[in-house]
Amino acid sequence: MISPQRIAHALGQHPPTAEQSAVTGAPPEPALVVAGAGAGKTETMAARVVWLVANQLVTPDRVLGLTFTRKAARQLADRVRARLRRLAGSGLLNEVDPSGELRSTVLATEPTVLTYHAYAGRLVGEHGLRVPVEPGARLLTETAAWQLAHRVVSTWTEDLDTDKIPSTVTGYVLSLAGELAEHLVTPEDVREHAEKLCHVVENAPRAKGQRTALPQDLLKVASAQRLRVALLPLLKEYSRRKRIEAAMDFADQMSLAARLASEHPSVVAGERERFGAVLLDEYQDTGHAQRELLRSLFGGGETSIPVTAVGDPAQAIYGWRGASAANLPRFTEDFPRRLTPSGELDGFGANRPNPAELAVAERHDLLTSFRNPPEVLELANVVSEPLRAAGLDVRELRAEQDAEPGDIRCVLVDDIRREREWLADRMAAQWQRRLDETGTPPTAAVLMRRRADMTEMAAALRERDLPVEVVGLGGLLDEPEVRDLVSALRVLVDPLAGTAAMRLLTGSRWRLGSADLAALSERAGELATRSTASEGPKDTVSAALPGEQSDQAGLVDALDDPGEGKRYSRDGFRRIRRLGSELAALRHRLEQPLSELVSDVERTLLLDIESIARPGGVGRAHLDAFADVVNEFATANPAATLPSLLDYLAAAEHAEGGLEPGEVEVADDRVQVLTVHAAKGLEWEIVALPHLVHGVFPGGRKASSWLRSVTDLPAGLRGDAADLPRLDPDRLGGLDRKELMAELRVHEEEFEQRKLTEERRLLYVALTRSERALLVSGHWWGESGGKPKGPSAFLTEVAEVLGDRVEHWSPQPDDEATNPLDDQAPSARWPADPLGRRREAVTEGAELVRAALDAGQQQEPQPEEPQPEEPQPEEPQPEEPEDEEARRWARDVDVLLAERASTRKREEVQLPDQLSVSQLVELAGDPDEFARRLRRPLPSPPNPVTRRGTDFHAWLEHYFFDGALLDLDELPGSSDDSAEPDADVEELKSAFRSGSWADRVPHRVEVSFETHIDGVALRGRMDAVFGDDDGGWTVVDWKTGSPPGPNRMRAVSVQLAAYRLAWAELSGTPLERVRAAFYYVRHDRTLHPADLHDADDLRRLITSVPAAE
């Protein structure tokens, strides 16, 4: 056997630790790996696969890896594939297989790495007719599922004994349906259990001294059970509608896959034949259906499959969404090892095992953290001690040798505002210190227990001029630039969208003042009165109903017809007319495909340019994420219209909290504010954990149990019932009401304790996100409330560990003390100043610029038009005719041109924080034009090549793999200025099929990347990456035009240089082993430009931006 140490040496990697070697080189049989936070589990899983392949125990194509997120799946797949390529390029395989067949197999095949849900979906797709379900059934997103369930609820005609509104009942239906699917329970099981418990509760005899009426506590329990039963017909109708529409949701997908695995031996046999080794990541977060699926497929059997499950019981924080922390300790029994007939373990298959002899799977530990400093681990170990003592017995995490010391700060201050100020000050100081030391900012995050606290925390950080990204604050739809864009879309099709119109009018671009808003509202009232003057009584009554229709009806119409200019200020009237004309022009283009329409609105209203003003590029990132949502919706609904898109977004507000911003990525140019749940799996140099106070962290709201929550299954029906507090209705019979209430109270208290345990796990996750610095804080007084909150047990625990290292600890307020914040009511300015705290500095800078311009003026300057903060009303003036206004504009332009000619000079151009690869090519080809475009960014005109590139690219995606959505500047051909606008896509397809790359299988397609060169983030997307026979790589960029001349080739080759550098970083491959080429499809010609730039060359190019006029 080739040892893990020899493999690491051959691949040019650090030698594995003893813990890692034990996992990597373990016998090919089931094994549980308990991996602490930051212990390198992904690296070890990849090494495990390479060891199995190198020792000919499995071929790459027979390896299955499962994890929870697409991001984690990509990371694991990339690491495994890169290591296997290096293995093939080394001479190590010649020792075990001189024939070279193993090397050829490694190069020709690759592992399957999927999310758990994607794997379940594949099983259902292949075997769905056995269940039965249509193999091509459409998978509903959370929003689409909510829409379908809401239609069921809204059209339900039978009596439903509840006072809840339809949207609330819709949530009940979806949650309960998900619970039934997750735990493989039928509606009849739920009905039977509820009837038993209701019978016990409603027939319990009175205790001595009790009244005849049933006590309220027992009434609430019975009511919850009755309502849960009443929802069952809606669940059945929801299921029926899904069958009619050939659709399923995520819960259906997993439960159907579990049924296939448990009920159909042929499915099991096929999967065991297909896969000879399995990796299960984050196993502590799996649910009951996932456990049944995996153990039915790969547990037991006549021979053991090497299933390696990796998890950390201290990070099991998703119990609220169906995960079962008990799955991890149960793994060793669910996936037993086989024993030889002599009773000796034989993991290498030397003897045929006796099927009757079993042993629990081995367990290994990875407890050396390569992330956290010793001080953070000391704190994390104390917090996790109660967790490690329960269930699996887990030892403490330890730091790696020579780990850098950490910096922990902890305070308890008087009130929440002072806490925010302290945290923001410390974060700003840490940020600046890192900038001064290295020239680059640190990665930093503030982890919040409650979303409601994010806004104020972000505001405090921004007041210190820190770039801030709030991740998931109400979801993607609440991000400012996305909300502006959706408001504009709504105004285009809904004349009653007064709230959306108000957002546009008072936003940073138009900034209409209160006087002009009042005048516009008055005009809306006039138009509304005029339109209803001749209508019947029914319309008159409808117009008088409360709501937006009566309050703001006609505001959008008033933008189209604002009336006479004398009622507005001069600036205000100009802005109203300009916005009205832009909206009118967009309405003429509503028939465009949705994706193009949204991009058109974004450009026309200058939202794309305004988004650049937000530090760190977060505004652009949010607009891009929204574009992906629109593209996905349009793809799934070919006949989609703008109104249907807006309905979908409205449903998303209910179903997904406003759409998730997507998988969170650590940013190195901003402070990220997010929930602790969203931070799992990530790490930052600086982590702040505020608000460790009573009622916040841990939460103070009493945990709901199935006794009172209609959406929770009874504990006895859940798949993990053996690990939950039990309450058997049959055992409760004969108890009087007082005894019954006591039993129910004990049961609920046990659930409350489980909630506290999960909160402790959450704290452990938060603490172990820190790579260097940790800020922990709390307060006495909140924004409101007559009683102080004070430190939670968690903060007190932290302070006890730190001892003298606690920075400040405010004493408890006196009993008669009142909240000092009650006399400091928060205030806000309206309309909001877009410059905020920067106004004074910007105004001062503007004065300096004006003074400099005045000093260099060669002619009498024109009178400067005042720019009041808010447009002021003027004396009524007659409107100028359009031709006179045009002449006045022409005169102004002449004056400005003359002024420019007299003061014209070249100025230094400041590079943005990020560049696209297309911009890099532009810089290499025409530096002066690139500098001018940086100084005056303008929207790019529509390019006919883009449409051609889109069509051909979509075809290529399906030709190789399922495709990914791209930005316009990432499309093949979008930077290909030699392409012909009227190119025939069918001709391109035919040329590619007969070309030299058609039969090659790419390792990856559409590989997004971000690399940093001299402080600038370089972003792009590679078309395809192919593995070479020598273990190296070739990055290929598809070109649809003709090869350029030598001069232009030198410029466009910069694109390949960037791709080559990025792939070397992503794959961990030396740069010299990564090649790059352009493939000109129409000509079947592959060009490998010589002397591609390396990192130093690209750095020199980026820093060579010339001055510009």
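Glycine too: its Cβ is placed from the backbone N, Cα and C atoms.
Positions annotated as ATP binding site by TrEMBL: Ala35, Gly36, Ala37, Gly38, Ala39, Gly40, Lys41, Thr42. Residue density at Ala37 (ATP binding site): 25 other Cβ atoms are found within 10 A of its Cβ, drawing on all protein chains shown. Taken residue by residue with DSSP, Ala37 (ATP binding site) is part of neither helix nor strand, so it is coil.
Feature annotation from TrEMBL assigns compositional bias 'Acidic residues' to 862-884.
As annotated by TrEMBL, domain 'UvrD-like helicase ATP-binding' applies to 14-373.
Residues annotated as domain 'UvrD-like helicase C-terminal' in TrEMBL: 374-681.
Positions annotated as region 'Disordered' by TrEMBL: 527-547 (among others).
Residues annotated as region 'Disordered' in TrEMBL: 808-841 (among others).
For 855-888 (among others), the entry in TrEMBL reads region 'Disordered'.
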Filtered by Cβ under 8 Å and at least 6 apart in sequence, the residues in the chain of Gly38 (ATP binding site) near it are Ser369, Phe370, Arg371, Asn372, Leu397, Glu683, Thr768
Can you name every residue in this chain, apart from Ala35, Gly36, Ala37, Gly38, Ala39, Gly40, Lys41, Thr42, with its Cβ inside 8 Å of the center of the Cβ atoms of the recorded ATP site? Thr44, Asp312, Leu366, Ser369, Phe370, Arg371
Using a 10 Å radius around its CB, how many other CB atoms surround Lys41 (ATP binding site)? 23
Among Gly36, Gly40, the one of these binding-site residues whose Cβ has the fewest neighbouring Cβ atoms within 10 Å: Gly40
Near Thr42 (ATP binding site), which residues of its chain come within a Cβ-Cβ distance under 8 Å, counting only those 6 or more away in sequence? Ala72, Gln75, Leu76, Arg79, Asp281
Mean pLDDT over the domain 'UvrD-like helicase ATP-binding' (14-373): what is the value? 89
Check the DSSP secondary structure of Thr42 (ATP binding site), expressed as helix, strand or coil. helix
10 Å Cβ neighbour count around Ala35 (ATP binding site)? 25
